Amino acid sequence: MPKHEFSVDMTCGGCAEAVSRVLNKLGGVKYDIDLPNKKVCIESEHSMDTLLATLKKTGKTVSYLGLE
């Protein structure tokens, strides 16, 4: 399963919780949230576009960094 890395402008635990919420709702993902470095690594069969759109639902600035 591909691992995608995203930069997400998270500043606190609440931001990380919002990311967890939208990813859990999407389903079919395994993820790691690196709050200090503002990165989210997602292992999923979903397309990068789907994952990016899902992360943007948090209202945070999100950018795709590439495959890990």
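Each residue's number is its place along the chain shown, starting with 1.
Cβ atoms are placed via backbone N, Cα and C, with glycine included.
Record note: of Ser20, Ser47, Swiss-Prot gives the feature phosphoserine to Ser47, with no matching annotation on the rest. Spacing of Ser47 (phosphoserine) relative to Cys15 (Cu cation binding site) is 23 Å (Cα to Cα, whole number).
Broken down with DSSP, the domain 'HMA' (1-63) shows 23 helix, 20 strand, 20 coil.
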